[in-house]
Amino acid sequence: MKEKVVLAYSGGLDTSVILKWLCEKGFEVIAYVANVGQKDDFEAIKEKALKTGASKVYIEDLRREFVTDYIFTALLGNALYEGRYLLGTAIARPLIAKRQVEIAEKEGAQYVAHGATGKGNDQVRFELTYAALNPNLKVISPWKDPEFLSRFKGRTDLINYAREKGIPVKVSKKRPYSEDENLMHISHEAGKLEDPMYIPDEDVFTWTVSPKEAPDEETLLEIHFEKGVPVKVVNLKDGTEKTDPLELFEYLNEIGAKNGVGRLDMVENRFIGIKSRGVYETPGATILWIAHRDLEGITMDKEVMHLRDMLAPKFSELIYNGFWFSPEMEFLLAAFKKSQENVTGKVIVSVYKGNVMPVARYSPCSLYNPELSSMDVEGGFDATDSKGFINIHALRLKVYRLTKKGYEK
């Protein structure tokens with residue numbers, strides 16, 4: 001009996017060649033295709049996998065789970081890698097790998113496989129998830145396999161092999177970028193973008209219009225949260241209302257994209273140490289991130305917020321590096337869930353030509369006291385108390401300065 005392997009399959013050149021290569025090595029290959037919002041013809045992918053040699057093909061719609069259990073979860077901790085990247089690719093990988101493991105267990109497969117390269121982050125994200133969820137599964141990673149690497153040294157070898165084996169190869173002109181698309185974002189890398197001084201042409205962007213070409217009128221959105229989780233969005237101009245999590249997120253993508261929101265061009269640090277330039281389009285998540293952060297301003301205790309903000313970079317790093325299913329992540333998520341207990345209310349944001357600006361907010365759990373904050377009303381605050389407050393904090397500074405002068409003499 002052949003040993004079984006569950007392959008994370010996209011229908012592209014790399015994973016199609018890997019599928020056939022695994023079949024030739026004597027494996028029974030089960031192809032797994034995850035729909036996380038990419039614009040693909042899934043029936044065509046299924047047909048291609050079967051013709052290439054897969055014994056079975058799983059195609060699953062994971063979009064709703066992706067939104068509720070991954071995108072919204074990352075929002076609780078204000079995940080933002082290196083202060084800029086909203087982690088669209090990184091957040092999707094643990095979900096895909098988790099289902100791959102579950103299918104392997106269901107099918108009695110001994111192996112899981114993926115087509116991620118040996119230079120990127122995805123190989124780590126997939127394999128750490130496999131290890132965390134089922135340490136007994138064996139991993140086949142062809143782009144780190146000496147036998148595979150000796151046979152396929154580049155794209156030309158892959159194309160020649162595919163044609164030799166009757167695997168359909170698209171002859172249409174391919175976009176000169178490496179792209180990853182899901183419900184949260186689309187990323188563009190490689191090609192001309194590898195030159196950090198190259199200014200991307202407008203044709204790089206496929207989701208968002210240029211802010212310069214966006215409508216001349218703002219869109220006002222009222223976004224509601226319960227304990228940090230988005231529950232409703234209302235367009236205050238036309239009355240459109242969305243409460244279903246998936247529909248809500250898709251609608252924010254639509255509004256953000258047509259208003260030029262969510263573009264990012266940055267050089268980031270990959271986990272393995274290589275610097276990489278990425279151009280991202282993340283419209284809906286950008287709107288949510290800004291609105292959520294604004295609501296926290298009136299609902300979170302100062303010290304809780306500052307402590308959470310200290311943990312947020314580590315949280316983002318764990319997601320980026322593939323540690324979604326780790327004990328440290330469990331700890332952080334428990335802390336973030338606690339921090340969001342009062343983050344309930346609504347924020348009105350103005351979406352206009354690439355910008356998202358909060359303009360109003362309300363919460364039944366608000367810690368904002370107009371009388372305390374007023375420049376004109378005391379509101380129970382005795383201003384003379386500030387003198388002692390300042391003196392206490394100044395003591396350390398005075399001692400430091402006087403001591404330093406003594407040393408210098």
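Using the three backbone atoms N, Cα and C, a Cβ is placed for every residue, glycine included.
Among G88, G108, G115, the residue that Swiss-Prot places alongside A8, Y9, S10, G11, G12, L13, D14, T15, S16, A34 at the ATP binding site is G115.
Taking the Cβ of G12 (ATP binding site) as reference, residues of its chain lying under 8 Å away and at least six apart in sequence are, in sequence order, G115. According to DSSP, T117 (L-aspartate binding site) is assigned to coil rather than to any helix or strand. Long-range Cβ neighbours of S16 (ATP binding site) (same chain, at least 6 residues apart, Cβ-Cβ under 8 Å): Y9, K48, A49, T52, A162, I167. Taking the C-alpha positions, the distance from S187 (L-citrulline binding site) to D14 (ATP binding site) comes to 18 Å. A distance of 14 Å separates the Cα atom of S178 (L-citrulline binding site) from that of S10 (ATP binding site).
Annotation note: S10 (ATP binding site) sits in a coil segment as assigned by DSSP.
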